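Going by TrEMBL, these are the annotated features:
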- Cys55-Cys58: disulfide bond (DISULFID)
- Cys402-Cys405: disulfide bond (DISULFID)
- 13-131: domain 'Thioredoxin' (DOMAIN)
- 355-481: domain 'Thioredoxin' (DOMAIN)
- 1-25: signal peptide (SIGNAL)
Amino acid sequence: LTPTRHPFRMFLLFALAQQKVFVAASDVLELGDSDFDDMVAEYETVLVEFFAPWCGHCQQLAPEYETAATKLKGTVSLAKVDCTVNSETCGRFGVNGYPTLKIFRNGEDFAAYDGPRSADGIVSYMKKQAGPSSVPLHNERDLDAFVNHFEASVVGFFSSADSSQMAEFLKASSAMRDSHRFAHTADLSLGLKHGVESDMVVLFRPPRLNSKFEDSLVKSEAVSIASLRQFIRDNVFGLCPHLTAENRENMRGRDLLVAYYDVDYLRNIKGTNYWRNRVMKVATQFQSQGLSYAVANRAEFQEELEEEFGLGPSDGGELPLITIRNREGHKYSMQEEFTRDGKSLERFLEDYFAGKLKRQVKSEAAPENNDGPVKVVVADNFEELVNNPSKDVLLEFYAPWCGHCKSLEPKYTELGEQLSANTHIVIAKMDATANDVPPTYDVQGFPTIFFVPAGQKDQPRKYEGGREVNDFLNYLKEVATHPLILGNAREDL
């Protein structure tokens, strides 16, 4: 049959061929109960995602994970397991939320993956898992190439390859390879142009962030894991780092001001640093007051700006937008337009440190009637319902789309009904997608449940037990401040 006489058949054959190519194009390995152990053992390092098809977070991660797998092909393998049909494997590795990501080495569960969820972030993180934890440098060309990088570089300079300090440095690099780039040399002369004359560690900041407002490198003579970890933590970000989706987790837990604008360190370094230098100039005036600073690409964080601060794409024009989020989770945004002389930023910071700014809160409206067995918590009534010092609170953080949350709902309601006679216990739930979650609550998946004891509101305890009504009751019998009352019967402990 010739193509000219049967064009439709040829079209179908072409379409089927294309479909077959498309299906085979995924670089993510699909593993299941029958082949998981054998397949994972074949790879020195493999990242495995345990997921459920209905999970919203999993759906968001999927295209990033596919892209990362393609970029990492030949370096590190990425795999996935559908826990809705491979429950045995997921149960063995303690998977109770989605997505759960784990790093396996030579078939063994090595560590939980706690890195970024974007394609570039996964690639950067997993590249650090491959090869040596510290790169040996043999000449100045090696050194210059290593430190001329988008990220900060930590280099150990030592007088001998047999020195105890180098051995300690290599231990530290192995312990911190997930987060930082390390290299070492046994030739001290490589560091002479950087003022290195004896054994020491030098942290080189990324060349793109060089500024007259801070040194481009920092030195330390301490090389133990604890001291080196502290040295890096204190210096790696500098005065005003570039905040990205990949490094944002490392910057949590601090009071942070961010300037959002068209940050582009690939195509417009000069233009990017124009505004960064203006932020840094003002930051130096408030350096001793405990606030950290960063710049970020506005487009990369636009969804967050809109959801968390109510700032739309047209707000501020091309000028930087300024926000502050502190470690308590309180949020502020600069209402005045950013001025090139930095005076508006100065005034904003003066008001912030003087406690004059009104904080922004993302919250649903509190329900008019909240008399049900499960109390509805929103950000605006969190203090009243959860932080009431006289009451124990069992609090579920959920997402409306979460399948596990929907399965839990009737059991959680029954629990609330059984404990409705208790005046000292509150069974509550909060939509974590529509309300600000206080930073003391680590909510990574849904549902996440915490017990918040009376008189200890700063110490919420994550609930790790079963999800049947009796599981909750048995747990509360052990931890409740006051004896439980079940229906009309008092449970004296």
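Every residue number used here counts from 1 along the chain in the order it is shown.
Yeah, the Cβs are placed from backbone N, Cα and C, and that goes for glycine too.
Sorting the domain 'Thioredoxin' (13-131) by DSSP state (H, G, I as helix; E, B as strand; all else coil) yields 49 helix, 28 strand, 42 coil. A sphere of 10 angstroms centred on the C-beta of Cys55 (disulfide bond) encloses 23 other C-beta atoms. Taking the Cβ of Cys58 (disulfide bond) as centre and 10 Å as the limit, one finds 21 other Cβ atoms among all the protein chains shown. A Cα-Cα distance of 6 Å separates Cys402 (disulfide bond) from Cys55 (disulfide bond).
Highest Cβ count within 10 Å among the disulfide-bonded residues Cys402, Cys405: Cys402.
Cα of Cys58 (disulfide bond) to Cα of Cys405 (disulfide bond): a distance of 15 Å. Straight-line distance linking the Cα atoms of Cys405 (disulfide bond) and Cys55 (disulfide bond), rounded to a whole number, equals 11 Å.
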